[in-house]
Amino acid sequence: MPGFTCCVPGCYNNSHRDKALHFYTFPKDAELRRLWLKNVSRAGVSGCFSTFQPTTGHRLCSVHFQGGRKTYTVRVPTIFPLRGVNERKVARRPAGAAAARRRQQQQQQQQQQQQQQQQQQPSPSASTAQTTQLQPNLVSASAAVLLTLQAAVDSSQAPGTVPPVPTTPTGEDVKPIDLTVQVEFAAAEGAAAAAAASELEAATAGLEAAECPMGPQLVVVGEEGFPDTGSDHSYSLSSGTTEEELLRKLNEQRDILALMEVKMKEMKGSIRHLRLTEAKLREELREKDRLLAMAVIRKKHGM
């Protein structure tokens, strides 16, 4: 590599590559030269040479001076931040220790992941307790529904009598509930929810059969049909359209199409006429330009 390379052992700064650094020759003063040589060679330090004798071709970079540059106050290099030259290398750990450490870290990570998965999964005891708590509530709700339906049937059979207030087997008053409310049961409730739903459907079917002598009817709640908008325009056809009306509508459509064809032909004729006019105007402009150019040429030549 061209340029000067620092002569300090282990330092490879080059004057051609490291433009920001300064490179100095060894001083001619005997005392300064001795101090420089002592600090640079560092006799007795492992990895350094004690028989170094600098020449005019040796250079020392500014990295080894306090402040990054040699001045009148800083004349001796004292900074040698080079590992392996000014300090002993730390003994390398054997490969077996590094492998054991990596295995230990992997085991710790696996244990942490297993603990997190166990925390995320719900315990079976908790789910069982929740199911046992929900079952009495479902039974009481189904009993209240049956009592309400029985009261409604009694009131429909005896219109003049006042319906009694339904009570639960424990003696508590139960208010009538709205059967149109939709109750969503969780999947964990299992067979208890299915039994309650089947009882509710059977009771509802019995009530509808008792109230309606014509038989059970299907009632859809929450869905509305599309309103009958009627014949809003001339293209709509009602269910009672006769053959004469249909023919009349078809004739109207044919008349409209014929009129549109006539208009399109007129527009095409207008476009053709405009194109011819444009071509004539362009030809006139070219003729005028030619005459003007000839007049200019004649004027230049004095003709």
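Any Cβ shown, glycine's included, is placed from N, Cα and C.
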Can you identify, from 142-192, 244-294, the stretch that Swiss-Prot calls coiled coil?
244-294
For the motif 'HCFC1-binding motif (HBM)' (232-235), mean pLDDT (0 to 100):
50
Could you give me the DSSP helix, strand and coil counts for the zinc finger (6-64)?
15 helix, 7 strand, 37 coil
